[in-house]
Ligand SMILES: Nc1nc2c(c(=O)[nH]1)N[C@@H](CN(C=O)c1ccc(C(=O)N[C@@H](CCC(=O)O)C(=O)O)cc1)CN2
């Protein structure tokens, strides 16, 4: 890593956030409200199973009420929708999360749009997507892009006027990430599979967000000296010492050019779950204020 490059330690930031959240949960509980999160997993995808277990463990660790519904792969869309409607009506549940990806026979958008937008702690409901798209701040923000923004803000006090390039245009990361950066005053370019020269676009970036799902895609010569690089990729590969997790960025090469970089693991990933807890706390707090106004 070059002498000036800083490693942005998402794991440490996520731990600090989680400690703060635990204190705020204790305050809410003292007022008689225990924030509740329901996680729904359909099927037995190994990575999803690990993420869901981690979400449940961390939800409980901060003192929230945690419910996990593990459904078989052949669960019908109708049965899944019935569960969501029941969770929407459950006053002990403030946040609902359906782990993605869903099996192919289930229409993802129909399921996500069935979640009460006020309980949509993933920020994937079309109403929350729309709020973010028009720059409104009263919607739920998807957890991974929110985690990236929190890491960026710690490192760059103002994002206004920066040139940001987002590699990847998924609904979970790339698109909401681009909108958050735009809302903070960045000039934003999104690249995708049809982009003619992704490397040339990346070289313009003051802020480079990489969420392509392609191990080691971004090489050292793709990065402008002094850029801040956020690696969202999580790729499982077989290394010489067994299976290992790497990002979308060739870390050692890029660290020679960048001013700051997130590692994988230990960068954006832990922030995703911390932001999920933050959104659940926010959802529970909003219910409270609604109750007070009524
Ligand atoms: N409903 C959702 N589904 C999915 C989301 C999401 O935000 N909502 N994001 C991803 C998976 N994901 C959370 O669900 C997630 C991915 C990675 C991590 C993480 O902490 N990664 C670690 C490495 C973990 C490992 O060893 O595998 C790291 O980067 O340090 C947390 C959450 C897709 N689905």
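Cβ coordinates are placed from backbone N, Cα and C, and glycine is handled just like the others.
Owing to the predicted nature of the structure, the values given are computational and were not obtained by experimental measurement.
Annotated features in TrEMBL:
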type	residues	note
BINDING	168, 169, 170, 234	NADP(+) binding site
DOMAIN	8-122	domain 'Tetrahydrofolate dehydrogenase/cyclohydrolase catalytic'
DOMAIN	142-286	domain 'Tetrahydrofolate dehydrogenase/cyclohydrolase NAD(P)-binding'
Greatest inter-residue Cα distance in Å for the NADP(+)-binding set 168, 169, 170, 234: 16
Averaged pLDDT score, the domain 'Tetrahydrofolate dehydrogenase/cyclohydrolase NAD(P)-binding' (142-286): 96
The domain 'Tetrahydrofolate dehydrogenase/cyclohydrolase catalytic' (8-122): DSSP-derived helix, strand, coil residue counts: 58 helix, 19 strand, 38 coil
Number of Cβ atoms other than its own within 10 Å, given for residue 170 (NADP(+) binding site): 16
Where the C-beta lies under 6 angstroms from ligand 1, the matching binding-site residues among 168, 169, 170: none
Tally of DSSP helical, extended and coil residues in the domain 'Tetrahydrofolate dehydrogenase/cyclohydrolase NAD(P)-binding' (142-286): 55 helix, 32 strand, 58 coil
Cβ neighbours of residue 234 (NADP(+) binding site) where a neighbour is any other Cβ within 10 Å: 20
Candidate with sparsest Cβ neighbourhood (10 Å radius) among 168, 169, the listed binding-site residues: 169
